[in-house]
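Take a look at the structure below.
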Amino acid sequence: MRIILMGPPGAGKGTQAEKLSKELDVPHIATGDIFRKAVSEGTELGKEAKSYMDAGQLVPDDVVIGIVEERLKKPDCHEGFILDGFPRTVTQAEALDKVLSDNPLTAAVYIDVSKDELIDRLSGRRICRKCGKSYHIKFNPPQVRGVCDEDEGELYQRDDDNEETAKERLEVYLENTQPLVEYYQDRGILKKIDGTKSPEEVFRDILKAVQAKQ
């Protein structure tokens with residue numbers, strides 16, 4: 001099963017991707033992680049990406065697509081994958097379709113959450129400075145305020161999670177992603193999921209939607 005998971009910041013993509021990966025026994029591929037791995041391992045594409053990043057420039061599509069393609073060709077992806085964070089543009093989506101021409105995507109899942117709810121979720125998020133574990137002051141608070149349950153690390157709010165920045169991030173995301181949503185809608189593989197339900201209900205809805213596409 002080859003699935004793309006889409007949704008704005010704060011929609012819970014990471015949580016759902018991990019759950020789906022376990023349930024379907026396919027890898028969760030977060031593009032940020034494979035980028036960092038390619039750079040740290042010093043692969044040809046990783047070196048190329050690093051040269052752009054060091055210069056403060058956007059990494060060109062052909063390099064991004066190359067890094068994703070390298071990962072999708074690994075043996076653990078033969079039975080499928082959950083792709084999180086890619087594609088971000090229609091150009092990237094078209095290139096991905098070419099890469100997957102023999103085994104096309106099963107579904108593109110979009111976790112839909114209202115703007116107000118997303119701002120509430122993002123601005124309440126707190127991260128552990130030591131281990132990076134994520135909490136929420138309202139939905140998933142730590143046992144002791146401001147302290148991580150795992151390692152007693154200090155919890156902090158990321159700069160891009162304050163309310164004003166969260167609003168800006170959402171505007172940019174929604175504007176850039178709309179053409180991608182339409183692209184997968186036109187291809188007949190888009191599945192919109194109500195992301196305002198509990199994580200367990202969202203997971204069940206995603207599972208039902210992707211299994212119906214098999």
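Backbone N, Cα and C atoms are what each Cβ position is placed from, and that goes for glycine too.
Ranges compared are 30-59, 90-119, and Swiss-Prot records region 'NMP' for 30-59. Residue counts for the region 'NMP' (30-59) under DSSP, split into helix (H, G, I), strand (E, B) and coil, are 22 helix, 1 strand, 7 coil.
Checked against Cys128 (Zn(2+) binding site) by C-alpha proximity, the binding-site residues Gly10, Val59, Tyr135 yield Tyr135 as the nearest. The highest number of surrounding Cβ atoms within 10 Å, among the binding-site residues Thr31, Gln57, is found at Thr31.
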